[in-house]
Amino acid sequence: MREEYSKLNRVEMSIWECCELLNDVVDESDPDLDEPQIEHLLQTAEAIRRDYPNEDWLHLTALIHDLGKVLLLPSFGELPQWAVVGDTYPVGCAFDESIVHHKYFKENPDYKNPAYKTECGAYSPGCGLNNVMMSWGHDDYMYLVAKENKTTLPSAALFIIRYHSFYALHKSGAYKHLMNGEDFENLKWLQIFNKYDLYSKSKVRVDVEKVKPYYLSLIEKYFPAKLKW
């Protein structure tokens, strides 16, 4: 999947165009979402903006963190829900019991492979999450898009985009033995972000046109006008 999607040869569009495209996406794993995706993104972003007014990078990160869900659309390969949304986790080492539906890993050939059954498996302690292969999903795709299109967002923003579905880490505290110093710094921001991602899906509607100029200015600050996807 990474090899295929790292070609970034599907479409050229702006971040805001992708936000609008996301309105065609339904994430079946999301338990509390009736309104269009763009409203969830803006609700999350606006809630963070209220509490952290000076961290404009975090406002933009909230807006774009789920854009990788376009993988569900026909023009992006129409991947099945299980390959796009839901929890992500490391492969190449033991599957932690905190991963949702852990019992089904017994049917995964890696589960019985001695090389991957230990706590570190193919990795070494403190190697850094950047060196750990994660299961594929919308997180890693958007991280890839942002990085390859030379975003100037800080390291913590890319960490949030890449690992916000890694619940075994930020909710259960698993896999910390693989983290390095920068990961621990960035995890603090992911845990702040996650409080808003899960609980900001309020019934208060966001006036998209009213807040749009602010977010367009952030997009212009941190991204090129058109991105390869």
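Just so you know, glycine gets a Cβ as well, placed from its N, Cα and C.
Copied over from TrEMBL:
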BINDING   His40, His65, Asp66, His138, His164, Asp197  Fe cation binding site
Taking all protein chains shown into account, the Cβ-based neighbour count within 10 Å for His164 (Fe cation binding site) is 23
Quick note, His138 (Fe cation binding site): same-chain residues at least 6 apart with CB under 8 Å of its CB -> Asp66, Leu67, Gly68, Lys69, Leu71, Val84, Val85, Ser165
Residues lining the Fe cation site besides His40, His65, Asp66, His138, His164, Asp197 (CB within 8 A of their CB center) are Leu41, Thr44, Ala62, Lys69, Asp139, Ser165
Cβ density check for His65 (Fe cation binding site), other Cβ within 10 Å (all protein chains) comes to 25
One finds that other Cβ atoms within 10 Å of the Cβ of Asp197 (Fe cation binding site) number exactly 21
